[in-house]
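As structure tokens, the structure follows; a few thoughts come after it.
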Amino acid sequence: MLPSFPPAILALADGTVFRGYSIGAAGHTIGEVVFNTAITGYQEILTDPSYSRQIVTLTYPHIGNVGVNREDVEATKVHAAGLIIKDLPILASNFRQEHSLSHYLKGEKVVAIAGIDTRKLTRILREKGAQNGCVLAGEDNPQKAIDLARSFPGLSGMDLAKVVSVTQPYEWNQTEWALGRGYGVQDKPQFHVVAYDFGVKYNILRMLAERGCRVTVVPAQTSAADALAYNPDGVFLSNGPGDPQPCDYAIAATKDFIERRIPTFGICLGHQIMGLAVGGKTLKMKTGHHGANHPVKDLQDGRVIITSQNHGFAVDPESLPANARVTHVSLFDGTLQGFELTDRPAFCFQGHPEASPGPHDIGYLFDRFTAAMAERKQ
């Protein structure tokens, strides 16, 4: 006997309504509706803190084929505001599976909808840009859903880094996962890194630990003085959700690290914060970049790398100072993907070198960070 699901509605702020069925918790959720083109990795996407206050549309038609497990998470909980998919498979099968996707969503109290035309929705978002939306589960009331969608204030001006961040520092030594072994432990660190948690993904911390780093994770609002009290060899600025401009506490701390010539590496929101710290400007993108197949050109050696991306804001390259050299650009739309300072050991990248999900083509940036720390120690 096939399972039966309650009705659900997706409403966009422009009045567009989609009808489907609920595969998660009852109730409603509001946020910015975005689309992600990754074929796999839905569990990592859901638990990525960068998706806070965003309702994620997965464009691949079949989502949930391999279920979920306790290992493939990027945070302690689901951070995405909601989930939108085309089809939920009746049967999920994988040797690592512990629960079905629907069971997981209900347990995490995530409102989710399936059974809608995600191709049509993606075209709307592509042409009109990311929109505020509402998923209403268990109730057939389109006008209520539209009104709720329009009540969401939008992400511009919203400081979410301090919302998703930890409140107390902690140590991290878990390394990357390997088949037959699981996760490893770094017990012979060569470097000490202070990692700012603006919404950090676990796999970033694992890749740092894999490269010989003892990692001290600190809250987003940690001052530069408090961070430097740990006597780190380098500072890492993590990914995270929301608008970078309100994060004045992080911008001020980053300025201090750069002035002191502390090796500093930023990813995603950390990249944007570094851009603001050196005097640049950021802007809200029309649709943002969300996917695991984004081509980026490394301007230093000319190679093309496939990257994982998840951001709705970007740094304006024209606003950067003379000592900031552009290192990477998107081959989709030409937007800035990375820059370095020519007179300081500081650099950053807009995408996600740690992937999870996605390719590890640009994981060499972590090696560059450890090389900068090694040079400073000498």
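Including glycine, each Cβ sits where the backbone N, Cα and C put it.
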Exercise for the section: Determine which of S50, S93, S100 appears in Swiss-Prot for the same L-glutamine site as G240, G242, L269, Q272, N310, G312, F313. Expected result: S50
Exercise for the section: Pick out which of the binding-site residues G240, G242, G312 has the most other Cβ atoms within 10 Å of its own Cβ. Expected result: G240
Exercise for the section: Name the secondary structure element type, per DSSP in three states, that contains S50 (L-glutamine binding site). Expected result: helix
Handout entry: For the region 'CPSase' (1-188), mean pLDDT (0 to 100)
Key = 96
Practice task
Determine, to the nearest whole angstrom, how far the Cα atom of L269 (L-glutamine binding site) is from the Cα atom of H352 (active site).
Solution key: 10
Completion exercise
For E354 (active site), the same-chain residues 6+ apart in sequence with C-beta under 8 angstroms from its C-beta are K201, N203, I204, R206, M207, I267, S308, H360, G363, F366
Fill in the blank from the handout: Here the 10 Å Cβ neighbour count for F313 (L-glutamine binding site) comes out at 21
